[in-house]
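Student: Structure below; questions to follow.
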Amino acid sequence: MDQTIREQTIRTASGLVAAGLLPPGRESEAAAVATRYAIAVTPIVAGMIDAADPADPIARQYIPDGAELTTAAWEIDDPTADAPFTPIKGVVHRYPDRALLKPLLACPVYCRFCFRREVVGPGGGLLSDAELEAALDWFAATPAVTEAILTGGDPLMLSPRRLARIMQRLSAIPHIQVIRLHSRVPVSDPDRVTEAQVAALETEKALFLCVHANHAREFSAPAAAALRRLNRSGVVLLGQSVLLRGVNDTSEALEALFRAMLRHRVKPYYLHQLDAAPGTARFAVPPEEGLRLVANLRGRVTGLAWPTYVVESPGGGGKRLVTAQVQAA
Ligand code: SF4
C-alpha cells in the first residue's frame, strides 16, 4: 500500500487501489462507476477502513461498487423531489415554514447511497455570488419561512468568508428564527472545522447543526475535537443517520452509533429510511425490519438516544414516521 496517497482525498479508482482500499481486480468496475458518480475518501475516512474486512461498514459507505450502475425499477433520480419545489436556484421550499438553501453541491466524501447522487460532485453546484444573493433575497421576501436549512452538498465545505456572508444575511432577516446546517464534515473531514469556520457560524438566531453519521467508528478523536469546538461555541448538535444494510442494520450497531453520538453531545434526531436513489438497492433495509431494530432500543438505551425513524414520501410529500402503515404500504 502507498501510504502517501492516504494523505490527501482519494478521488479515483486507481487511487483506492494504490491506498490498499480496493482489490486491484475491482479497479475497472470502480472506474466505470466513477464515470457516473463521484468518489471521495478523505484521509481520516481511509484510516477508519479495515481493508482486510470485506464487510467493513465504513468501506461500504464510500468504496464504489459495480452494483451502482444497475437501477432498480423503483429507483428515481430525484427521490426527494427537490426540483418541483425549487422557486429559485439553490432554494427548495417544500414545507410552509422552512426552506433549504443549497449554496454548493460538493461534499467532503461521496456516499454510495446518497439521495442527491445525481447532482452532487466536486465540480458542481457552487452558486455564483449573484445567485447566492438572489437566493438570500428570496428568504428575505418570504416571511412564512422562519427556518433556513443549509444543505447541499455540504455547507461546511464553503470558505469561512462565504459561510459568514450567508449566516450574516440570514441572521439579519427578522422572520428567520432558526438556522440549521446539515453536514458530514465533522466526522468525515473534521480538520475543516477550524476556529475560523466556527466563528463564521456566529449568530444570535437559534442554530442547529445536524451531523450525518451512520456508524460508531465514525466518531474518531479528530471528529470528537471538531464536535467539541462546535459545542463550545453554542451550536446545538443533532444526529442524522440512514438505516443501511451492512452498515448499521443490527440493534447492536444502532445502539453503538447512538451512544457514540450522545457521548459527543450529539442528540440523535432522525434515522432515515433509505431513499430510492439509483443504484442503491444493496443498502435497503425493509421498514418492518427497521421498526423491529428501533423497537429493540427501547428499554436498552436512554430515551435521549432514540431518533425519530422517518421515510421520505414519494413525489416530495415530505417526511413521515415509519409506522406499521408504511410497512403495509
Ligand atoms: S455527504 Fe450527504 S449530500 Fe454528500 S454524498 Fe454523502 S449523503 Fe450525499
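These residue numbers are counts, starting from 1, taken along the chain as shown.
Even glycines carry a Cβ here, placed using N, Cα and C.
TrEMBL feature annotations, pasted as is:
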- C107, C111, C114: [4Fe-4S] cluster binding site (BINDING)
- 93-305: domain 'Radical SAM core' (DOMAIN)
- K319: N6-(pyridoxal phosphate)lysine (MOD_RES)
Student: Below 8 Å Cβ to Cβ and six or more residues apart, same chain only. Which residues does that give for C111 ([4Fe-4S] cluster binding site)?
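Tutor: Listed in sequence order: Q61, Y62, R117, R184.
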Student: Take the mean position of the Cβ atoms of C107, C111, C114, the recorded [4Fe-4S] cluster site. Which other residues of that chain put their Cβ within 8 Å of it?
Tutor: V109, Y110, R112, F113, R116, R117, V120, R184
Student: Starting from each candidate's C-beta and looking 10 angstroms out, tell me which of the binding-site residues C107, C114 has the most other C-beta atoms.
Tutor: C107
Student: How many Å separate the Cα atoms of C107 ([4Fe-4S] cluster binding site) and the residue listed as 'N6-(pyridoxal phosphate)lysine'?
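Tutor: Rounded to the nearest whole number, the Cα-Cα distance is 23 Å.
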